[in-house]
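Here is the structure we will look at, set down as structure tokens.
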Amino acid sequence: MVALYRWWVVAMAFKIAGATWDICWHFKWLRDDLAPPHLINTVGTVIVVGLVVFHTYTGIGVDRATLRWMQWGLGIFLVAAPLDVINHRVNGLDITAWSPSHALLYIGTGLMSIGLIRGWAQHGRGDRYFHPITCFLWFTVLDNFLFLNQHQEYGVLGLAAWDRGTPYAEDILLQFAADDLGRPLDRVAVEHFTLPVPDWVYPSWAVLTGLGTLLLARRLVGSRWTATTIAAGYLAFRCVAWGLLAAADFPISTVPFFLLAGAVAIDLSFQLAARIRPLVGAVAVTAVSYAALSLQQTYLAAPPSDYWSAVYVVVLFAGLWWFLQFLLDTGVWQRLVSRGQTTTGARESTTPRP
């Protein structure tokens with residue numbers, strides 16, 4: 001059973017590698033359905049399909065609830081993929097990561113990740129790589145959420161390249177972006193393509209979904225520096241990808257180093273008493289993250305950000321923290337992720353756990 005989950009790791013690695021290359025590809029060239037990043041992503045998807053089919057027909061390595069999460073996630077993803085192709089047949093290029101067809105891809109991947117983490121927690125214990133693989137699986141969730149923010153992270157440097165007179169994108173892509181807006185090819189058109197969402201979105205999304213994922217991981221995994229470890233691994237991956245893409249003359253992005261400060265704040269907040277942790281922790285995490293983002297924007301590079309958004313982000317993050325604490329302390333979380341346990345016909349393996 002452990003071998004099956006290692007194949008899941010391989011599949012997710014292919015999907016993440018393909019997606020990472022894909023977004024920078026679309027800042028340089030018009031869409032191509034058979035572009036190398038899409039093919040790499042497809043390899044991961046084919047492995048996932050094979051694994052879910054195997055789990056479905058044998059019941060090995062999953063209980064019924066785990067299988068349901070995997071099946072629903074894969075189903076949504078497989079529906080979203082052709083919809084995305086149709087969308088780009090109509091609209092041309094990946095004008096933004098923030099689109100309905102892309103959202104379905106993220107949702108499908110996220111649901112599969114819930115099942116994958118649940119199944120690994122049940123069947124991977126005792127494996128010597130249990131903790132590293134657990135952190136990797138949470139890394140995939142973090143990457144799935146923060147993928148949307150990469151549009152701004154590539155976009156801010158793409159706009160700067162235009163301002164320098166050395167744009168990353170080919171002329172036909174820039175002209176298509178201008179035609180999409182219905183105006184001549186100028187800075188306004190390029191800015192609309194590279195930075196398509198309001199400035200409050202970037203920091204808000206990073207804290208609420210990115211650090212929210214790390215908060216949940218810290219609580220469920222339980223190790224002291226879980227959030228910091230996952231964030232550091234994510235940033236290390238982004239730095240390696242940055243170097244490889246730069247060496248291959250692809251567009252480069254900013255790297256969200258400020259997330260590490262927020263992750264450390266999450267881990268340290270678990271030293272607080274549980275009754276005050278959501279409020280005090282949310283204030284600390286939000287303040288530290290926004291301060292680190294400001295420093296990164298000043299001394300390195302970061303997308304444009306509305307720092308006043310911290311006012312409502314801290315409230316929402318405190319509410320999220322309290323809600324997760326309520327779900328986990330009352331057992332509601334376990335009942336939620338175990339739904340479907342008695343509603344599917346897949347048999348459960350009787351093979352002894354390793």
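Cβ atoms are placed via backbone N, Cα and C, with glycine included.
So that you can see what the record holds, here are the features copied from TrEMBL:
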type: TRANSMEM; residues: 7-27; note: transmembrane segment
type: TRANSMEM; residues: 39-57; note: transmembrane segment
type: TRANSMEM; residues: 69-86; note: transmembrane segment
type: TRANSMEM; residues: 98-117; note: transmembrane segment
type: TRANSMEM; residues: 129-148; note: transmembrane segment
type: TRANSMEM; residues: 200-217; note: transmembrane segment
type: TRANSMEM; residues: 229-248; note: transmembrane segment
type: TRANSMEM; residues: 254-272; note: transmembrane segment
type: TRANSMEM; residues: 279-301; note: transmembrane segment
type: TRANSMEM; residues: 307-328; note: transmembrane segment
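Sequence-distant neighbours of the transmembrane segment (69-86) (same chain, 6+ residues past either end, Cβ-Cβ under 8 Å): 33, 45, 48-49, 52, 55-56, 62, 101-102, 104-105, 107-116, 118-119, 337, 340. Between the transmembrane segment (254-272) and the listed ranges 7-27, 98-117, 129-148, 200-217, 279-301, the one holding the most Cβ pairs under 8 Å is 279-301. At the 8 Å Cβ threshold, with sequence separation of at least 6, the transmembrane segment (39-57) lacks contact with the transmembrane segment (129-148), having fewer than 3 such pairs. For the transmembrane segment (307-328), the residues of the chain that approach it from at least six positions outside its boundaries are 200, 203-204, 207-208, 211-212, 215-216, 219-220, 274, 277-279, 281-283, 285-287, 290, 294, 336, judged by C-beta separation under 8 angstroms. Beyond its flanks by at least six residues, the transmembrane segment (200-217) meets 138, 141-142, 145-146, 148-149, 152, 226-227, 230-231, 256, 258-259, 262-263, 266, 285-286, 289-290, 293, 303-310, 312-313, 316-317, 320-321, 324 of its own chain at Cβ-Cβ distances under 8 Å. Listed by sequence, the residues of this chain that lie at least six past the ends of the transmembrane segment (7-27) yet keep a Cβ under 8 A from its Cβ atoms are 35-45, 47-48, 51, 93-94, 97, 109, 116, 120, 133, 136-137, 140, 143, 147, 150-151, 154-155, 158, 168-169, 194, 237, 241, 245, 250-253.
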